[in-house]
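According to TrEMBL, the protein has these features:
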- 96-220: domain 'Phosphatidic acid phosphatase type 2/haloperoxidase' (DOMAIN)
- 66-89: transmembrane segment (TRANSMEM)
- 174-196: transmembrane segment (TRANSMEM)
- 202-222: transmembrane segment (TRANSMEM)
- 272-295: transmembrane segment (TRANSMEM)
Amino acid sequence: MEMGSSIPLWQPLTIAFVLGWVAAASSFRLSKRARALTQPCITRRVLAGTPTILCLQRAQHGFLDWMFSMISCIVSVPFYTGFLPIVYWSGHRKLARQMTLLIAFCDYIGNSIKDIVSAPRPISPPVRRVNATEEEKENSMEYGFPSSHCLNTVCLLGYFSHYFLTQDPKASDAIVAIVMALLSFFIVLIGIGRMYLGMHSLIDVVAGIIFGVLLLALWLTVHEHVDGFITTGHNGMVIIRMHSLNQKNAPYQPVQSEKFNILTLTTYTSEYHIYCICIVFLPFLVLVAVTYFWASLSFLLCFAYPTPEFPTPSFQYHTAFNGVAFGLVSGIQQTHLHSQPENIQILFSSELSIGVFLGRLLVGIPTILVTKICSKAVAQKLLPLVCNTLSIPITSSCYVPELKGRSKGKPSGHLARRVGFGRQEAYNVDTGIRFLQYAGLSWSAVVLVPAFFSLLRL
């Protein structure tokens with residue numbers, strides 16, 4: 001039996017592009033060059049937008065403070081932690097997959113632009129900055145251009161609307177117009193709210209909307225290919241050829257697997273048992289191919305992330321969403337090949353009532369939170385042990401107290417600047433811990449929790 005793999009060109013090209021970007025950015029200091037070109041102009045625009053913000057803040061009222069703060073929570077890490085698993089458990093699995101990967105994509109691009117440009121937020125005072133939640137206090141430590149809230153809102157609500165409108169091809173023009181009007185209203189409301197709260201200037205909001213539209217348009221051109229890749233791996237090909245050792249001249253019959261179209265088997269009819277063995281192990285082969293590619297990409301994206309002018313929490317947010325995306329992909333690979341779409345229960349159908357769905361929430365939410373805590377605890381013990389065994393110098397900003405203060409360089413927390421040639425600066429182990437805890441959370445949402453649902457008949 002011979003075994004080989006044919007990898008489509010786009011996979012090595014993607015890895016090569018990221019590696020090339022890391023090398024070029026490090027050698028030619030591309031982030032600093034881009035910052036020198038963009039930061040002065042955008043900073044002037046931010047300062048020029050101060051009167052607009054002050055005009056909005058003349059309508060200051062406690063209710064408006066509360067309302068805009070709550071609306072801003074819609075595009076926060078805690079919100080996604082609960083909302084996306086709920087969508088998955090409601091039966092809209094494709095929607096949950098796509099929105100999870102889309103937010104990871106948007107978060108990476110948006111925060112990379114923020115840290116490349118490193119443009120300030122509106123100056124406070126004179127602008128009044130409202131930080132009603134701890135999440136907002138941490139957000140205010142990021143740079144301002146572009147507005148992540150506006151960018152993510154455009155992408156997520158835009159894809160959400162696209163998904164349900166395409167589910168009903170008979171939707172009238174009036175319904176489409178109403179959906180688009182509501183979508184536009186909410187995006188504008190988010191933008192006004194961000195300026196009212198003193199978090200962004202007008203140029204930040206406009207740039208966030210523009211980047212959001214561009215990223216959404218790009219995603220809509222590739223989302224079917226991405227979904228096909230993470231669910232079935234059909235963009236990759238694993239080829240297994242089986243040859244008889246005792247019947248070299250015997251005729252053979254090509255066999256095509258109907259369930260897994262990525263496998264082509266050529267076997268002698270007398271070796272049917274080998275064919276069966278290959279079908280049994282096929283899900284594992286696909287899991288390895290797709291998961292390894294995504295793990296490699298996730299690892300390299302940490303190195304490719306730009307270093308800001310001064311440290312911000314943006315890289316932490318990227319690491320969290322990067323971990324969520326990896327946990328989702330690895331989990332989907334374990335479960336999707338064994339599931340049948342026709343058996344998926346959809347909310348409000350006869351198979352999945354409101355009562356059963358509420359039972360799922362009571363089981364699912366605590367499970368993913370416990371898994372997140374356990375993943376973090378394991379990573380806190382395991383990663384330092386592995387790094388010490390491999391003699392890799394490490395430091396920690398907060399997760400491992402005994403490792404604090406070991407780094408001699410700038411505590412930026414960005415891997416890209418911690419691998420300088422000839423330097424022995426310490427790696428921030430918090431990056432790996434954060435990645436693994438959110439990967440564990442996402443994996444449990446698509447593998448562990450559905451297993452509990454089956455056991456409990458939910």
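Quick reminder: no glycine exception, Cβ is built from N, Cα and C everywhere.
Whatever TrEMBL says is automated annotation, not expert-curated.
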Problem set entry | Contacting positions for the transmembrane segment (202-222) when only residues 6+ beyond its ends and CB under 8 Å are counted | 42, 45-46, 49, 52-53, 102, 105-106, 109-110, 113, 119, 121, 144-155, 158-159, 162, 187, 191, 194-195
Seminar exercise, completed: Its residues classified by DSSP, the domain 'Phosphatidic acid phosphatase type 2/haloperoxidase' (96-220) shows 91 helix, 0 strand, 34 coil
Problem set entry | Rounded mean pLDDT for the residues that make up the domain 'Phosphatidic acid phosphatase type 2/haloperoxidase' (96-220) | 87
